[in-house]
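**Student:** TrEMBL lists 2-34, 76-103, 111-145, 149-179 with the feature domain 'Centromere protein J C-terminal'.
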Amino acid sequence: EEVQRETTYPDGKVEKVLKNGCHLIFFPNGTWKKVGSDGKTLTITFFNGDVKQVMPDQTVIYYYADAKTTHTTYADGLEVLQFSNGQIEKHFPDGKKEITFPDQTIKNLFTDGQEESIFPDGTVVRIQRDGSKTIEFNNGQRELHTSQFKRREYPDGTVKTVYVNGQQETKYVSGRVRVKDKDGNVIMDTKV
């Protein structure tokens, strides 16, 4: 680009105004700033390699050179962080967070303390505020973990519960119920 005007300031700063209307400002420490001809687009390249861009819609894109991480803040308050390992985090204005890990697992953190993780194989894990956990497997099985028991529900309707004291209870679709003590000894079996 052709320079229309160049000014050197006493502090060592140099400003160049280009014929296309852009302004380039060079600072003594190696940082430089480019103001677009629209007056709204701004790019600052810092001496350490970081780059900050402000777009006409007020979107701010900040690239951290050392961490190889990009942090984008949109005018509506959404923030998106993109890490060098492929992880992407979205921080929503309402406080919700969505993290996509390099293996494509997605974790949602809700403002009420609940969490949800969706794994690439289709398994979904939900954690409630009280610490109870629900796991939905891609084969149709489902598990519920609480402080009192762990329960697995099978697609055929069978339900197996293991209590904190080690006792196991299995309820079959046929109506049969089998209970085992903590050592695996059958203490009740209602065969139908």
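Cβ atoms are placed via backbone N, Cα and C, with glycine included.
Are these features on the surface or tucked inside, and what touches them?
**Tutor:** In this model, the domain 'Centromere protein J C-terminal' (2-34) carries an average pLDDT of 94.
Same-chain residues lying 6 or more positions outside the domain 'Centromere protein J C-terminal' (149-179) and placing a CB less than 8 Å from one of its CB atoms are 139-143, 186-192.
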**Student:** I'd like the per-state residue tally for the domain 'Centromere protein J C-terminal' (2-34) from DSSP, helix first, then strand, then coil.
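**Tutor:** Counts, helix then strand then coil: 0 helix, 18 strand, 15 coil.
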**Student:** Summarise the domain 'Centromere protein J C-terminal' (76-103) by DSSP state, stating how many residues are helix, strand and coil.
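**Tutor:** Split into helix, strand and coil, the domain 'Centromere protein J C-terminal' (76-103) gives 0 helix, 12 strand, 16 coil.
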**Student:** Per DSSP, how many helix, strand and coil residues does the domain 'Centromere protein J C-terminal' (111-145) have?
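**Tutor:** Tallied per class, the domain 'Centromere protein J C-terminal' (111-145) gives 0 helix, 16 strand, 19 coil.
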